[in-house]
Every structure is written in structure tokens, then in C-alpha cells.
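Contents: one structure, followed by commentary.
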């Protein structure tokens, strides 16, 4: 562990964020506790501006986001500090704004604020945000980011793309996350949610008949639906009765259009699909049955009862009259996708500069532990980024439990993911990058035109992903089943430490960011 000394200030570059082009887009997030009932069961939650899902962020690629987070949390049943991760945004030179607690920042203490300043630097696509402190986002702190590209290569394929065509798929628990997590960490299996939701509405067995979410369309128009899995645990199979889906974007990356009847979507993944409203004027089921990783022991949950309604203008104000429970056909195989722009894995099929083998495993003796290569990740007491800008450069500068691997600047990195899945499809997410999925759960090895994304589901066999280490920063790679992350299934890549401190890729650090740690460290334990 590197010691922080008075010379620290000499290593930090202070800067004022400003957009070179585009606009400064400002949002205020008041993070507070409130009672909500997405599925009809009322419980306290952690909310952004009083709603679940949270406030939609909308921008264009030339913009700079300024998101002020005011921590107003008071409920002792849930975490009271907070941090927010902007999932999918690359954060070039702004790793300090990425959000994972004790990787890139200390949490924001209750009664305090922090403004995340994020130049988008040309990045577009469908992304999302969520708390990245412990399991806090399970309690409700999650929402969507849409960065619309005026030069979208698929722009001619659709007529409508707005807030009404954003679709979130989420799981929901009736009890606060810290208590659930404590039971899980004692050696029990993963907590099963009480319901699934579409745009924050769902139903549970024995509960009230909550009105379904409705997506309105006009016959003859084509719609871009941005579908986002904001769950903590569950996958879904998404389809729309009587309509094919043309996939054009995957995790923020434009892909060659692919027509399917439905697709599996794991935690953290996003798909943009074109839906042609060319059917008869009536109501159609939007179906998203949940994919659990083991048998449910929760009597509240009906995994099939996750529906919304595609409502044609002029149709009755009612649910469809057709059977709801019908499986999707022609379901996407991920390997069939191909990135549209600059296709091909970095370095092609030539050997990578660095091959990292990560074997995952689970232990329950003495409590639940998930590990990479025998190491259970545990958060350091000083954020990884703070250690790096204070001089940490080599693997030996980090403790074993921090599981931090150092990457050289611009090297081609290939990661092999495999192990004992324990029945799960593990949605592995890499911060700071999109990667090429050279090999997923099915299909041949493909270096020529593979899918490109930032969350890949891995179950059996070996998953192979590639990226170029061209974005200096400390980047988390972790399972996005939140219970698994809390149990240690994570590793940190300290990418180009020297370049983080000086030169054209040096991190931009603010005094406001430096102030987070002393404020947080002074808190009593029950406020952290």
C-alpha cells in the first residue's frame, strides 16, 4: 500500500471541466429515502428525485454532463452514504467520476454533495446509472442514460426515439438490501427477488393488480426501443407479441442490423431494437419472463408474470385478449452479432500482448465467497485511483485482497473467463471500455467481426474478450449479479499507472473529489 504524503499535491492535476463542443447538461439528483410500491407492496427505498427508476438522463455525444448528487439518506435499514456509477461511459481522463466506491472514489457522506463532471467525448448510445456502494442499488438507485447521436448510422431506420421508448427491466425485493445481503453472505444461496418490473411496474403472487406499463405506438411508424436490464440478479427474455425486433445497438455500440424474435438480456446489458408498428390496431403483449439461476424459494415470485402492453393508437384501453404466456421464437444467439464500425477484435487473430486467465469459483464454508484465481476481492481503505495518483505503479503496491492487475499502456489484452458457474450465467462487466466478445457461451471463436459490448454473459466453457488498454485508469471487472460482486467476484485493472499521473492522458482531479475521503472517513459506522 502506498503511503499518502505531503508530496501528493504535486502529483495531482487540478482542472476545470468544460465542453470543447456541445452543451453543459446539468442534472440534480436528490438521493433520499421514500416509500414506494412498484409491485403493490409498499417498502422504503433509496430513490433518485423520488422515483423508480430514477430520472432519465438525456444528452448528445458532444455534451458534458454535470450531475450534482445530494445525499439526503437517513434510513438506518439501508446504506446512508452513496456513490453513483455511470455504466457504459468510458470516462477518458475522468476515472474520478466513474463511481465505484473505493476503486475510483470515497463514497458521498449523508448530508453532503458531489458533482460528477463527465465530458462524453463523442460517445453515444444507451447506458445506465446505479449506486456502486455495496448492494445499495438493489434498494432503488438506478436509472437510464440515453446519448442520442445526430449522426447515428441507423437514423433512417426509425421514426421515434424518445423518453417513451425507453424500457427498463428490473427485479424488485420487498426487504432492504443490507439484511438480505447478510443472510446471503452467511453461506446461503442467492436471494430471489419478489417480482420483476417493466418501467418500474410489476406484480407478485397474492399482490394487487398493478396497472401494466404501456408503450404507445401509431400504426405505420417505426420505433427505436432502448431496452435496459437494471436488475441486481435476474436475466430476462424479451419479445413483443406479433412483432419482430431488429437489433441495431448493443451496450452503446452500433451493430449490423439483426432481425430476431426475442433476446436474452442479462444484468447490465442494453439493446436498441427497431419495432415496426405494422400490425393490426390492437394491444399486444410485451413479454419479459425472468431467467433465474436456481430454483425459486420465494413464494411471491411468478417468473412469467413480467408483462407490459404495446398499445396501438385507436385500440381499446385494455390488456391484450391473447394468451400472455407464450415463449419467444428465433431468440438471438449473441455470436450472430457484429459490430458495425471498425469491426474486428484489437490485434486481429495475432497473439495478444497480454493474456489474463481468470478462473472463478464459489465457496460457502465460513460464509459465501466468490473468487477469481482463488482471491476474494475486498475493497481497500484508500481508493485505488488515489493510490495510483500518489505513486502506486507495480502489483506489489497493492494488497492481495485488492486483486489489482497492472496493464501497460496500449497493449492488447485478452481475458479468458471460466470456472464453476454454480448454475449461473455470470454477466461480467468491464468499466472504462467496450470489448470484443471473441468467444461467448456459444458459436465459434471469431476475431474478424465479433460482437462488441461491455457486459458478457458467461456460464459454461471459456469466454474470451479482447480490448486495447488505451484508456488509463483503474477499471473494475466484476460479475454484475450484485450479490456475487459483494461476495468478491471482481478484479481491478490498474491501466497505465504512469500515464494516469502525467502526460496527455493524465487524470483530471478536482478538490471536491479529494475532499470526499476525509469527510467519509470521519463518519460513524452507522452512516457509512
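Heads up, the Cβ atoms here are built off N, Cα and C, so glycines get one too.
According to TrEMBL, the signal peptide annotation covers 1-22. The feature domain 'Plastocyanin-like' is assigned by TrEMBL to 31-151, 164-315, 379-498.
Secondary structure counts, DSSP: the domain 'Plastocyanin-like' (379-498) has 19 helix, 47 strand, 54 coil. Here the domain 'Plastocyanin-like' (31-151) has, by DSSP, the following mix of helix, strand and coil residues: 7 helix, 52 strand, 62 coil. For the domain 'Plastocyanin-like' (31-151), the predicted model reports an average pLDDT of 98.
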